[in-house]
Structures are given as structure tokens and as C-alpha cells.
Amino acid sequence: RYLISKTSSPSTNNHLVKRIRWGFLLGLMVLIYGSHAPLITLTKVDGKVPFNSSSCVVMIELAKLLISLMTLVLTGGTSNLCAFPRLAFVAPYAVPAILYALNNNLVVLMQAYMDPSSFQVLSNLKIASTALLYSLCLGKRFRPAQWLGLGLLMFAGVFHSYSNLDLEEPEKGEAEEVERLHITAWGLFLVLVYCCVSGLAAVYTEGILKSQQLPLSLQNLYLYIFGVVINGLSSFSSAASDKGFLEGYSWVVWVIIAGQAANGLLMSVVLKHGSGITRLFVISCSMLVNALLSWSTLGLQLTALFPVPVAMIGLAAYLYYR
């Protein structure tokens, strides 16, 4: 009896393996998210991005679509494609693509009503909007400690963004070149819409992935077909860019495409088998990884207040997951 009690049970081992897999998956996502901005900076030529950003989004969606199709073939799920699905069955998968396309356009539109730094600070409100929508739409009940943790997570993002702002007065000769902090009432309204749409997209995507008993690769296939179509139409109909579709692509751009495609597919796993709230913690942690990578590779300086958001995110995770 003593030997049996001291031997780990299969269920315990399976639980440990599962935790290790989830830890590796989430760590990889944090690294990819955090490396995105530094990689974008590395592509710049004379301070400008040399490629068409909308074409990059299309290529990311296309990569996710091809990987989903390949996964479906390798796992023997092609039998699900033999019968052409009804439009009413597939159409709901278009909603996330529409919502994300709407948010991408809102980001561009908001630049006329606020400066990028203000947007960076205020966009952290999407943590609150996502939590509220999870509670209202999916019936997720949060404990008081979890609400406190999510609040800390939001304020950690606000604090980190605000502490990195350059609030010093510019020199007289630079006054005309430096963009000052500003936001209009219309800009505040748009950022609130952006945060609500972001939360709604996450809640809806999780709801549809969990409500249908289909292979995840097949569901991803439906999602990214619409993603390619909608983003492709948006890219080709845009007359604002004077760059060719693949103009300015370098190996760094292809690394960005591969990383963001992998992150999108990993996020589907999180939404299917976990929770979209985990996505918020991944994004918040990636913000810190972004700062560390920018410091180590680009020579940017970390502020003395950097440990504060690190501690806030750690405490938020403890309160939420304990």
C-alpha cells in the first residue's frame, strides 16, 4: 500500500503534462506577441515601413488558412469537406473577420482625432470591456478577487504605457515637429467603440468555437477563408497605398507573417479549450517582453518604473487564477 500511494497516478501525470503544454503554448504566444513591434522596427528604412501593411495582414490570414487546411488533411479530417456546408452553417464564421477588419480601420481613423500615445494608453480599456462582455454574453461569473485581478491588469497596461510617454516640453526648434498629446471627444468615442468591438470579437469567436462540435482545424478553415476574403477586398480596394502588394518584403517581414500566423492559430486553441481572459494576460505579459526586447535589441531605455507594471501583472494573475 505504501508503494502504491507513493507512486504517481496516471491522472496526476496527465495533469502535469497538460500544465506543461499550456505553459509552453502561452509562453510562446507571449514571445511572439512581444517580438512583433521590435520586428516591425527592424524592417524600417529611413524611419518608414517599406511594405504595404494591409498586404501583410492578407498574407498572415492566407498562411493561417493554408496551415489549417494542411492540418485538416494530416489529421484525416477531409471527410468533413466532402459535403458542401450550408451557408447558414458557415456564415457565422464571417462575423469575427468583419469585426477585426472594422477594428483595423478604426485604428487608422482614430489617428485623426488623437495621437498614437493616447491611443496606446486608452486601448487598455479593452480589458474591462472584454471582461464585461464575457460576463454579460457568456454568463461568466467572476469572483471579487478575479474582478480585482482584471482591474489590476488594466491599470498595469495604462501605467506601463503612460510611464513610457515623453511628457517633456520640446525645444522651440522642435515644437513644430513633435506631435503633442491630444484627444478629442470624437476620438474618445471611437476608442471606446474600438475596445467594445475588440471584446465582442473575442467573446463571439470563443462562443462559436465552443458551441460547435467540429475539429478545430475545420473551424479555423472557415474563419480564415472569410479572413482572406474580407481583408483581401479591403487591401485591393484601398487606393491610399502607393506600394505594390509584395513590395518591400524582406526576410524580417516573412518572419513577422510566420509568427503572427502561428499566434493566430495558437489563440484559436486557447479560445477553444481555455478562455479569452487568458488572452488578456498573454497580451499584457507580451507588453513587458516587448519592452525588454526593445531594450536588448534596439537600445531603448527602460524607465525606473518598469518593475511596477511587472509586479501588478504578477499580482493580477495570482488573484485571478488562484
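Including glycine, each Cβ sits where the backbone N, Cα and C put it.
Per TrEMBL, the features are as follows:
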- 20-39: transmembrane segment (TRANSMEM)
- 51-75: transmembrane segment (TRANSMEM)
- 87-113: transmembrane segment (TRANSMEM)
- 119-138: transmembrane segment (TRANSMEM)
- 145-163: transmembrane segment (TRANSMEM)
- 183-209: transmembrane segment (TRANSMEM)
- 221-239: transmembrane segment (TRANSMEM)
- 251-271: transmembrane segment (TRANSMEM)
- 280-298: transmembrane segment (TRANSMEM)
- 304-321: transmembrane segment (TRANSMEM)
Segment-segment contact (the transmembrane segment (221-239); the transmembrane segment (51-75)) at 3 or more Cβ pairs under 8 Å: yes
Cβ-based contact of the transmembrane segment (280-298) with the transmembrane segment (145-163), 3 or more pairs under 8 Å: yes
Stretch with greatest number of CB pairs under 8 Å, the transmembrane segment (251-271) reference, 20-39, 119-138, 145-163 candidates: 20-39
Long-range Cβ neighbours of the transmembrane segment (119-138) (under 8 Å; 6 or more residues past either end): 107, 110-111, 147, 150-151, 153-155, 157-158, 161-162, 165, 183, 188, 191-192, 194-196, 198-200, 202-204, 206-207, 276-277, 280, 284
